[in-house]
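As recorded in Swiss-Prot, the features of this protein are as follows:
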REGION    1-332  region 'Glutamate--cysteine ligase'
DOMAIN    488-746  domain 'ATP-grasp'
BINDING   515-573  ATP binding site
BINDING   695, 716  Mn(2+) 1 binding site
BINDING   695, 716  Mg(2+) 1 binding site
BINDING   716, 718  Mg(2+) 2 binding site
BINDING   716, 718  Mn(2+) 2 binding site
């Protein structure tokens with residue numbers, strides 16, 4: 001079967017860039033002095049027996065981060081960024097991830113084999129340590145996984161003379177593997193980033209700096225007698241099987257090639273079931289990137305892989321691959337500033353890249369990537385290894401690496417309430433995703449704008465919307481809670497205290513009600529909104545003008561409005577999950593405190609500069625507005641936004657204390673009497689709610705609550721209650737909620753970890 005010139009036959013509009021990607025990144029855990037740590041793999045990261053994203057490689061201190069399959073290089077890096085964020089915040093606070101492929105100074109006896117549950121995996125690692133030595137096992141890197149797109153493969157298949165898709169794909173990936181190994185020196189030259197080994201790593205003197213220790217024969221390679229042919233897939237499979245039968249290899253995965261066929265559990269299955277994708281294993285960690293690989297590297301490699309497919313297969317495969325290995329070794333061992341040797345035929349690569357880009361009409365971005373490759377071929381200063389040279393001090397990169405590691409650690413802990421790369425999603429959803437990754441629960445974002453997730457563990461699948469809307473809630477429950485009239489009736493029928501009031505469907509009806517409430521404290525609010533939108537509170541009798549404004553604000557949010565009695569006391573939010581109170585929050589209304597110098601408008605701007613404040617529930621605290629509601633509140637207190645407040649004078653900008661309207665959060669879970677927590681849970685249960693926010697007004701929290709004498713009033717139940725405000729509070733310890741959501745959804749994971 002010949003595949004030469006097949007790519008050239010495709011239409012220019014063919015989906016040439018269609019592919020699936022995955023990244024595996026290895027990194028060592030070190031302390032803040034750059035020394036290897038001897039702590040076990042973090043227990044908060046769940047069980048390594050099933051964790052899909054965070055594993056240990058050879059050493060107990062060597063983390064392996066694994067992305068799910070992504071449809072683009074950008075999404076693959078986004079996955080890796082999030083997993084790196086989780087890993088960085090799951091290790092001990094005095095630990096960081098080493099950003100280099102080559103380890104810091106170490107002794108062989110320091111290296112502890114990963115303490116895995118699987119007997120074979122432990123035995124396998126002990127075998128490797130005995131055979132290859134332990135120091136080499138501490139070398140880390142990046143594995144770049146790629147599957148050609150389904151439509152692209154189908155288009156190539158249609159252009160071929162083949163009738164068997166599995167055989168065709170096998171031939172396609174075999175050709176790609178052959179040319180990748182033939183030209184692997186290109187990867188080493190451009191992206192090699194392990195120019196030195198720290199003192200004591202090798203027993204003998206090794207010339208340095210070089211382009212890549214890891215990608216030379218000084219790195220992690222098989223014994224010289226292991227020679228596997230890539231002439232055919234059958235030859236490849238049979239050779240490895242023979243080495244295992246002879247005892248030269250213990251398992252198929254002990255064959256360490258720069259490229260590995262993937263998609264089946266055993267190699268022989270490739271012959272009848274087919275190769276699914278390729279794993280390219282010869283990438284050094286890029287220490288200039290927090291996640292170890294840049295976007296331009298990902299996309300340049302993608303182009304190079306397609307160029308290898310564009311090029312013809314070698315006529316003599318074994319000879320071409322042997323020459324490619326020798327050339328790679330020469331380039332890996334050469335000084336980072338040494339030009340490419342004459343036998344490195346860069347023109348073949350450049351021509352293939354140019355023709356590929358031209359044939360498929362790729363845009364400026366990909367054209368610029370090709371220009372960068374050409375420039376690096378001409379000038380080794382532009383290669384990654386050369387860029388590391390200025391940071392070598394006394395034949396060591398330890399100081400540079402530690403500074404980078406600490407900087408990346410600090411970045412992980414910046415805005416630690418968010419999940420890196422997913423900041424545009426709701427904060428509660430980000431927190432749930434963080435915990436899902438940490439626990440080892442598979443995830444897929446079904447609709448990012450709608451905050452809709454698919455979570456699964458083995459065959460157990462759960463769908464989650466907005467952080468806590470799940471199959472555990474009956475469909476009608478959130479509909480009932482969205483309707484405040486229905487909520488009040490259900491609670492009242494169950495014997496729980498609710499405020500009295502009336503409902504109106506027009507401004508005229510509401511205004512006609514004014515004579516009945518003109519001398520009363522009242523609350524005006526929309527019938528069916530959440531997050532405190534459109535609510536006005538009058539602790540003093542409202543004038544007709546202010547009452548009308550409050551009605552207009554409420555009607556702007558809904559077609560029906562409630563006017564209720566104002567209940568004096570302190571408002572608390574109780575978070576109820578599955579019949580149990582998990583958190584209690586005191587919310588202080590949006591406010592500013594004067595300094596005698598600045599206007600209220602300026603004080604609001606100062607308070608909004610707090611990095612914890614943001615918009616759309618993506619930060620623990622919300623931006624304070626100066627809209628109609630806030631200005632009405634100021635007017636009731638005799639102020640305008642441009643007035644200067646006296647020093648120490650506190651002015652509230654809202655009557656309602658919702659965090660979503662700029663309030664402050666104070667965690668009082670540990671001090672709130674359990675009787676109120678139990679009463680709030682009973683209210684949620686009466687609604688049939690699984691996850692529910694219960695808002696209680698409590699005049700005196702020292703009084704013990706009972707159903708007969710509740711000493712409180714329920715002013716609202718909230719479906720899809722915010723979780724972040726309970727965890728990241730303005731004051732108090734905070735309560736983790738999202739992890740409890742996951743524990744309830746996947747109790748088998750909790751059971752498996754105890």
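Each Cβ is built from the backbone N, Cα and C atoms, and glycine gets one as well.
Classification of residue 539 (ATP binding site) by DSSP places it in coil, neither helical nor stranded.
Mean model confidence of the region 'Glutamate--cysteine ligase' (1-332) amounts to 95 (pLDDT, 0 to 100 scale). Within 10 Å of the C-beta of residue 555 (ATP binding site) we count 19 further C-beta atoms, all protein chains included. Within the set of binding-site residues 695, 716, 718, the entry lying nearest in space to residue 515 (ATP binding site) is 716 (CA atoms). Here the binding-site residues are 539, 718, and the one ringed by the most other CB atoms within 10 angstroms is 718. Ranked by CA distance from residue 547 (ATP binding site), the binding-site residues 695, 716, 718 have 716 at the top as the closest. Cα distances from residue 718 (Mg(2+) 2 binding site) to the binding-site residues 539, 563, 695 are smallest for 695. Around the Cβ of residue 695 (Mn(2+) 1 binding site), a 10 Å sphere holds 22 further Cβ atoms from the protein chains shown. Annotated pair residue 539 (ATP binding site) and residue 716 (Mn(2+) 1 binding site), C-alpha to C-alpha distance, rounded: 18 Å. According to DSSP, residue 718 (Mg(2+) 2 binding site) is assigned to a strand segment.
Over all protein chains present, the Cβ of residue 547 (ATP binding site) has 22 other Cβ atoms lying within 10 Å. When other Cβ atoms within 10 Å of the Cβ of residue 716 (Mn(2+) 1 binding site) are tallied across all protein chains shown, the result is 23. The closest partner of residue 695 (Mn(2+) 1 binding site) among the binding-site residues, by CA position, is 571; the full candidate set was 523, 563, 571. Between the alpha carbons (Cα) of residue 716 (Mn(2+) 1 binding site) and residue 571 (ATP binding site) lies a span of roughly 11 Å.
All chains included, 9 other C-beta atoms sit within 10 angstroms of the C-beta of residue 515 (ATP binding site).
The secondary structure of residue 515 (ATP binding site), as reduced to three states from DSSP, is helical.
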